[in-house]
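Here is what TrEMBL records for this protein:
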- 1-19: signal peptide (SIGNAL)
- 121-200: coiled coil (COILED)
- 214-236: region 'Disordered' (REGION)
- 273-296: transmembrane segment (TRANSMEM)
- 278-656: domain 'Cation/H+ exchanger transmembrane' (DOMAIN)
- 410-432: transmembrane segment (TRANSMEM)
- 452-474: transmembrane segment (TRANSMEM)
- 495-514: transmembrane segment (TRANSMEM)
- 550-570: transmembrane segment (TRANSMEM)
- 575-598: transmembrane segment (TRANSMEM)
- 604-625: transmembrane segment (TRANSMEM)
- 637-656: transmembrane segment (TRANSMEM)
Amino acid sequence: RGLLKSHFFPILILAGASAVVHKDQVAQHAVKLYRSKRAAHGQSWVAGNCKRLVGLLRQKNVVFKKLEAAADAVGKDRSLSETEKHFQVHTLEVLQKELNESEHLVFQALHSLQRALQGDYKDVVNMKESSRQRLEALREAAIKEEQEYVELVAAEKHQQEAVKSALAQNKTLSILDEILEDVRKAADRLEEEIEEHAFDNNKQMKGVNVEAVLRVEDDEENGSKRKNKSRQKEVEDDLGLSMLIDSQNNQYVLTKPRDSTMPRADHHFIKDLVSVVMLSLPCGWICTLAGLPPMFGYIICGVLLGPSGLNSIKSMVQVETLGELGVFFTLFVVGLEFSPERLRKVWKISVQGSCSLSLLMVGAGLLWGQVLHIRPTQTVFISTCLSLSSTPLVSRFLAGGSRGDKEAELDYSSVLLGMLVMQDVQLGLFIAVMPTLIQAQSGDFLYGSLHVLYLLAQVLVSLAAVLLLCLLFRSFLIGPFYKKLHTESKGNREILVLGMAAFVFFMLTVTEVLDVSMELGCFLAGALLSSQGHMVTAEVMGCIEPIRDFLAIIFFASIGFHVFPTFVLYELTILLALTLTLVIMKFMMAVLVLSAILPPGSRHIQWIVSAGLAQVSEFSFVLGSRARRAGIISREVYLLVLSVTTLSLLLAPLLWKVTTHRWVPRTERRPVT
């Protein structure tokens with residue numbers, strides 16, 4: 001270290017002033033310095049490398065001048081076409097750039113060595129900063145080298161085409177060869193038109209980071225031997241079947257290929273769907289034979305195939321995304337059974353009940369947070385997250401449940417579904433408010449509070465706009481649309497199915513554009529169609545229910561991906577205590593709120609509605625993951641929320657069955673499906 005500091009780093013000092021002194025003069029000065037010092041035998045390595053650096057820099061200057069002269073000669077050559085001149089000059093410029101970058105990397109490495117020797121090895125922060133700087137330098141070098149490689153590949157392709165063109169001029173082409181040549185030129189133009197150049201367009205954008213990733217080929221992942229490695233590599237490059245893994249162990253698959261002219265399929269996703277469907281059948285069957293809801297079997301299927309089981313699911317995000325469609329169609333079917341007349345009957349109770357229950361949960365959370373010394377932002381998030389209940393689960397419980405026979409009578413299914421729909425609206429609001437919770441956590445509480453009020457006003461305006469649009473659709477659009485669709489779908493059932501799915505997605509898009517929950521849009525789509533009468537509802541239900549059932553299986557299996565039995569077993573006592581406390585507290589709070597807002601003649605349904613609300617929504621998985629990434633909650637709290645949510649969902653059917661057995665007449669009971 002002393003040798004390098006005393007003799008080698010004068011090179012670096014002079015290299016920093018390279019604008020005045022040329023770099024080969026820097027190296028010559030270093031050699032003279034070592035000769036004047038009369039370097040001993042132990043210093044011969046440094047002196048020898050300084051001489052080698054002098055020779056390389058001189059050789060680089062000579063070659064660089066020859067390349068400049070060659071580029072000038074190409075520009076003056078009249079025998080070459082403009083395209084050929086541009087190609088040859090561009091190739092020479094690539095070589096010049098390669099020489100300059102190589103020289104730059106040499107001196108960059110010397111500066112890096114100087115920083116490392118001057119740093120304190122006991123200071124971890126300093127070492128981390130040095131490592132970050134080296135990593136940034138390597139990333140920039142990797143991008144430049146990738147660009148040069150791509151340019152060289154393009155130059156090679158151009159050279160091969162030039163050779164083919166020269167050969168074609170020397171022989172007579174047949175009619176077939178001329179046709180193929182025209183097709184080749186058209187195909188080249190097509191590839192140039194549809195290629196997006198996504199790498200070049202996005203690499204300089206703000207927030208874009210360059211990271212090292214591993215590319216795992218399909219055959220290497222399965223552990224099988226390759227018969228022809230070069231051929232297989234070529235096929236994988238063309239088809240894009242490999243997987244990328246970054247340093248954080250995130251796995252990525254191809255979403256859009258460079259060449260869009262070739263069809264592709266994600267075989268991992270197909271295999272995952274096949275595994276989920278095949279294993280869901282025996283798991284759901286066994287639960288049905290045991291007298292349990294088949295939903296438990298689907299969740300068990302996800303546990304067995306997920307990270308805590310066989311870990312055979314590779315496209316987990318894609319499977320969960322497909323499962324979200326199950327939530328959309330489930331809420332659409334709920335809306336079909338929930339007519340606007342029923343909605344008008346319970347909307348006041350739904351708004352008052354859901355808001356009061358959320359406020360009570362947040363108040364209880366803040367109280368416990370003061371006792372346990374937990375940050376207010378964290379307690380507000382956890383309380384709001386746990387106050388939500390599962391709409392898909394309760395809708396499966398109801399399964400076309402009871403309806404009030406008398407006009408003034410309230411049935412428990414209307415009140416329960418109305419409160420769940422309002423909770424879905426609160427979910428959309430909470431997702432919008434989450435960035436403000438992050439700002440409040442960082443200390444900007446005043447700005448965060450004002451922003452929350454602004455978002456609340458914005459959501460209220462959006463809800464008013466959604467309701468106004470629903471009134472317009474019901475008056476002028478739904479009737480003619482369905483009559484036309486019904487007429488065209490006679491003898492062609494898929495038109496009706498497609499029309500209903502398109503209407504669901506249209507309403508979903510409308511509510512998403514207006515910054516309201518997408519789930520609310522699906523529910524309103526069903527409610528608007530139910531206003532057309534029982535015949536329309538029955539026909540649409542017959543088309544959509546099979547799709548809903550299949551996608552719901554995928555959804556409940558995807559919940560099982562986030563159930564970790566080992567963690568539950570390790571902390572079983574704590575988790576059971578927390579879950580039972582939460583279920584009982586939500587049940588009693590719901591009973592208290594409903595007893596205050598329900599009319600005197602309908603207060604007997606408060607027990608059933610409270611039983612339906614005494615669990616935690618599966619959307620807590622989504623909210624918890626976002627909060628953990630944002631730093632609102634810790635890893636331990638996230639796992640506790642996941643485990644409590646799962647256990648509450650498992651206890652929900654038991655509580656529902658006991659409550660309905662006590663308070664629902666035998667003739668109105670429905671099996672828990």
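Backbone N, Cα and C atoms are what each Cβ position is placed from, and that goes for glycine too.
Long-range contacts of the transmembrane segment (495-514) within the same chain: residues 328-329, 332, 462, 465-466, 469, 481, 485-486, 488-489, 520-522, 524-526, 528-529, 539-540, 543-544, 547, each at least 6 residues beyond the stretch ends and with a Cβ under 8 Å from a Cβ of the stretch. When Cβ-Cβ distances below 8 Å are used as the criterion, the transmembrane segment (637-656) is approached by residues 292-293, 295-296, 299, 378, 382, 385-386, 390, 393, 397, 559, 562-564, 567-568, 571, 575-576, 578-579, 582-583, 587, 611-612, 614-618, 620-621, 624-625, 627-628, 672 of the same chain, each at least six residues removed from its ends. The average pLDDT the prediction assigns to the coiled coil (121-200) is 71.
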